[in-house]
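**Q** Features from Swiss-Prot:
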- 1-19: signal peptide (SIGNAL)
- K128: N6-acetyllysine (MOD_RES)
- 254-335: region 'Disordered' (REGION)
- 267-280: repeat '1-1' (REPEAT)
- 517-611: region 'Disordered' (REGION)
Amino acid sequence: MRFQGVGLCLGLLFITVNADFMDDGVEVEDFSENSDESNIKDEPSSGTFKYKTPQPIGEVYFTETFDSGNLAGWVLSKAKKDDMDSEIAIYDGRWEIEELKENQVPGDRGLVLKSKAKHHAIAAVLEKPFIFADKPLIVQYEVNFQDGIDCGGAYIKLLADTGDLILENFYDKTSYTIMFGPDKCGEDYKLHLIFRHKHPKTGVFEEKHAKPPDVDLKEFFTDRKTHLYTLVMNPDDTFEVLIDQKVVNQGTLLDDVVPPINPPREIDDPSDKKPEEWDDRAKIPDPTAVRPEDWDENEPAQIEDSSAVKPDGWLDDEPKFIPNPKAEKPEDWSDDMDGEWEAPHIPNPACQIGCGEWKPPMIDNPKYKGIWRPPMINNPNYQGLWSPQKIPNPDYFEDDHPFLLTSFSALGLELWSMTPDIYFDNFIICSEKEVADQWATDGWELKIMVANANEPGVLRQLVIAAEERPWLWLMYLVMAGLPVALVASFCWPRKVKKKYEDTGPKKTELCKLQSKAALEQEAEEEKAPEKPEDVQEEKKPGEAEVVTVEKEVIGEPEEKSKEDRETLEGQEEVSKLSKSGSEDEMKDADESPGSGDAPLKSLRKRRVRKD
């Protein structure tokens, strides 16, 4: 049981440290066991990788790697946001093309949002518009929150092909077809999938939001790794959202969006009104109830305490606050500009007991009852809650194929963030999953291999965690010391001496007992030398004591020390001498009354010398 308890403690310590690593992103574990990253074998350092700009292997609508080092084809917005001050309404956020801060792949660059707390907007035209018909839509790109993220987004907008789209005027209200990507503020982590659906009768566009993903998104915002975001929308009205090529959300456009695509068949009649005689009161005051005669509604809730007395030393004429006598007028004070200077007020030190007009404290009025109200009873005329009648929805429609959205012709990023250095790379829009997968293999997977090759070992990770949390050093020491202590206690067990209860007197106590008995006998015999009967009677108690002690000592365990054995031998000899002396004295007493002194005295002398 002892080893089981220690093992349990070790397990709890390991779980605690491991959970701490997970929270800090020191070593983030994949949320799926079938991770593609787990299949990537250990590679050498990033300096041995040969990067080649990804090339699409099939038909695409848009690709961008930023490896050229310039923003050719991209247009910075010059628009201003509506309903905002001109100073903060402009899109003046800065964009740069840079390599990753960590785990760089030589030659691989990306688009980086550089400004903090500014509006950013940039867009590029597709090679050809995407028309929703009979081909899937696949949108894929990479994001790395290099400095983490406090509040901001990294989503993209697929701008609607309206015919009058001007990218320099791109702003938050520009018409889009799909908005997709990560967004975070506070502790709210989101992965947006929003599309604008056109009402076939009214022509009004309405935003439809896909249900939230089924996984915890926090690690993708905090681990400072490059993650791959993929959206797949199929002509059969199904969709999938993937992170790092693993599905995190899926469903249908008809059933898994809010609000629903199709409106209700019936709606409340807007012209229907509740009848005046409709009684929807579930409870009413009891009409038969009468206010009691002694009910006084005029009594106040609180009254002055008539038993209160003004404390002695209360100063009625003293103010509670006085000007600070130590305050001085500032040198730069101008009476013309600042007005007449007045010293700040402080509590009056003379008002320790109280100052000003004294008033007795207020107490609850025992006679107070308040306004009388009759008790409530069930309404006999209750008709229930009224609701308007239903009528057919004049705007009802049934869209069985919501995949047929408005075509789009440009991709844009319209973002605001409190954290800079958000990295974007390897955009692709296509219709074939194989094309997108190969694009990810040539770009994103290479970043992952470099990151894995540069990943610190277990010991280094433990040191990094302890540098951020010094208390982990103590846990490491405990975890390292416990196995050593267990091995030591198992291999070199401590010798436990068996303790016996000391039932007999010690050697010194035995000697004292014998000496005391002998002295008492000697004193009594000197007082009455002519009475051998008394000597015999007095000798018996001493003999009994010696015999008793002897029995107790003999009853001890055999594991006695040498000293104990010597004590036993001495006790036996003393007992024998005592017995022989007693017998001799008895015989001498029978022969002559005066002959018992010499043997007794010699016996005492011999016993004392023996001790």
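For all residues, glycine too, the Cβ spot is worked out from N, Cα and C.
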**Q** For the repeat '1-1' (267-280), what are the same-chain contacts with Cβ under 8 Å, counting residues 6+ beyond its ends?
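**A** Distant contacts of the repeat '1-1' (267-280): 379, 381-391, 393.
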**Q** Within 10 Å of the Cβ of K128 (N6-acetyllysine), how many other Cβ atoms can you find? Include all protein chains, please.
**A** 11
**Q** Using DSSP, break the repeat '1-1' (267-280) down into helix, strand and coil residues and give each count.
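**A** For the repeat '1-1' (267-280), the helix, strand and coil counts are 0 helix, 2 strand, 12 coil.
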**Q** Let me know the DSSP-derived helix, strand or coil state of K128 (N6-acetyllysine), please.
**A** strand
